[in-house]
Amino acid sequence: MAEEQPQVELFVKAGSDGAKIGNCPFSQRLFMVLWLKGVTFNVTTVDTKRRTETVQKLCPGGQLPFLLYGTEVHTDTNKIEEFLEAMLCPPRYPKLAALNPESNTSGLDIFAKFSAYIKNSNPALNDNLEKGLLKALKVLDNYLTSPLPEEVDETSAEDEGISQRKFLDGNELTLADCNLLPKLHIVQVVCKKYRGFTIPEAFRGVHRYLSNAYAREEFASTCPDDEEIELAYEQVARALK
């Protein structure tokens, strides 16, 4: 007889109305992990301005997101992800870890470059900061268009050409995608709204990657509304003057 699954509840940051999902890439990351695991779970949005007594008791520190697994409370996004990967494992649940270590680090500096770009108010620095963001996106594009070791046929003398895989580590979403995609989505929304910047069409690997991701419910349905992201960055994004 199959072991009964413990109750799983993810507590995430609420949006501006105190109810819908707010802007938080860490919350979305864990939301995606649970969805991909195929486990039954609940998501509770927490209004950071009006925390309920239940939330205060469960997590006095108030750090979001946090996970209730049975009666255990888990905090820290990285540790929660490790815990879920260890507890919700094969044969009942899929393994989500990437096979290639490079998949876990590719594109991770994009968010830092984006933050520097969007927080800058000095027009004289704008071009260089934009170039820094473009360079980071180019590194990701190179990784996405380069064949993974398992895509290379060592017996063939022909050049393998451009990878056509859907995601960072292959044709299935992994933990690496759960980490990167929520941040890439924020970059797209915020840069377009506050800088009129869009990811260049020349970065075909990145565009293919995002297109494949938005076609997956686990990503598209866990994204906060664009308005929530724009609102979160309203005070962060500095006007050039």
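Heads up, the Cβ atoms here are built off N, Cα and C, so glycines get one too.
Record note: among 24-27, 40-43, 176-179, 24-27 is the stretch given as motif 'G-site' by Swiss-Prot. Residue with Swiss-Prot feature phosphotyrosine, selected from Y194, Y209, Y233: Y233. Of the listed residues (K20, K79, K131), Swiss-Prot tags K131 with N6-acetyllysine; the rest carry no such note in the record, though that does not show they lack it. Of S121, K131, S211, Y233, all annotated as modified residues, the residue with the shortest Cα distance to K13 (N6-acetyllysine) is Y233.
The Cβ of S121 (phosphoserine) has 11 other Cβ atoms within 10 Å, all protein chains considered.
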